[in-house]
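Data first, discussion second: the structure below is written as structure tokens.
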């Protein structure tokens, strides 16, 4: 019994002392911090966001993001702060400019091209079919005629 | 018409192949730095060896120099010290920005300037000392403002304190000749 109580107390004490490493003024700040660290890209270990990476620069960027969020800065302000220093590269959502325009245009262009080709081919196909059909018909007619003419 | 249906997709396919093939040989670290053609960010940081002296951007005006981000913990930085020392002998002014590692309060010993100074002095004695002086960026604030992603990195700063080149990685004779020497010549002319 003693051990049971001790175990329960031990387990409880862990839960009671559980404390967040980073403290925020409110939930919206915490959400902002989470979403920002998820979409900012680590310049050192590329293809990891700064929340996942433990590179020195990612640790510093997390710290800076935390400070700026705690100061009450908006999402765009924090993003601008990082982009000013590390370039568009650092944000996983690239802005729309003359270099990135093709990312949006290419799929649309490809789809248009594909649809255009399909429609073009389809518009030709029935004509083609009709031709062979009438050709076949005349051929059949001739065969029937020949067959009939053989019979007395 | 049939020929067109054959050659257009073939051409597109070949174009895509060449594009993807070129991607295999491109360096993902090679990208335009955001700090180019901007003035050095504001800072007031202590000298590594004479901590009573505080460096500010204004004190660095007047001469074109290389700002080399490094740390004794970084093997590549130690390896490039030799060649940088050679450059210093040729008259290139090189300032060190000491990039200190972050410390975990739970596991790491507290920061000791004395230990770091000894460590740096020993490394510079072993490998050569290319630096006029070293600026200690303990919190890596200046490094963050400059867009440093790791060590070693080197900036070319002109006499007005404007960043003119940002090189990620070590400096070796090939890199110096091909990339940095022409820029250094260009910006050090009065």
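Using the three backbone atoms N, Cα and C, a Cβ is placed for every residue, glycine included.
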For this session: Out of A:101-120, A:121-140, let me know the one TrEMBL marks transmembrane segment.
Result: A:101-120
Seminar exercise, completed: Helix, strand and coil residue totals from DSSP for the domain 'CcmH/CycL/Ccl2/NrfF N-terminal' (A:7-138) stand at 92 helix, 4 strand, 36 coil
